[in-house]
Amino acid sequence: MNRVVLIGRLTKDPELKFTPGTGTAVTTFVLAVDRRFSKDGKNEADFIPVVVWGKQAESTANYMSKGKLIGISGRIQTRSYEAKDGTRRYVTEVVADEVKFLEWGNKQSSGSQGFNNFESDPLSYNNEDNYNDDITPVDEGEVPF
């Protein structure tokens with residue numbers, strides 16, 4: 001089984017490219033993922049390279065920017081290539097098949113616009129709703145178990 005699920009922040013704006021010939025969108029970025037605190041109490045992070053293909057690649061590049069919180073799931077993949085100096089280079093990266101934007105906002109916006117920011121839209125959260133009014137009583141004699 002090769003499955004990875006990560007939540008972290010973009011270290012810089014995603015880079016969108018298109019493959020020659022087919023024109024398939026591919027976006028690359030580095031995700032900073034917090035680790036548990038070290039023995040001396042300092043917070044540490046791992047920096048994970050991520051690749052996204054297709055429509056998700058375009059959406060990620062268009063709507064995400066440096067510092068935004070993002071969740072991804074996918075697989076770890078290793079590959080190698082020959083560098084310009086003739087040496088063989090090896091790369092380990094996550095190929096994401098699912099991307100979740102945990103903070104919204106285009107590249108021009110500033111500040112956090114996360115899902116949990118109820119103050120920005122007071123209609124999105126109302127703790128005065130009484131959902132118990134919608135419950136219909138059930139005669140326990142009618143329940144088959």
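Glycine is treated like the rest: Cβ placed from N, Cα and C.
Annotation source Swiss-Prot lists compositional bias 'Polar residues' at 112-129. For 130-145, the entry in Swiss-Prot reads compositional bias 'Acidic residues'. Feature annotation from Swiss-Prot assigns domain 'SSB' to 1-103; the stated evidence is sequence analysis. Swiss-Prot lists 112-145 with the feature region 'Disordered'.
Each residue in the domain 'SSB' (1-103) has a pLDDT score, and their mean in this model is 94. The residues of the domain 'SSB' (1-103), classed with DSSP into helix (H, G, I), strand (E, B) and coil, number 10 helix, 59 strand, 34 coil.
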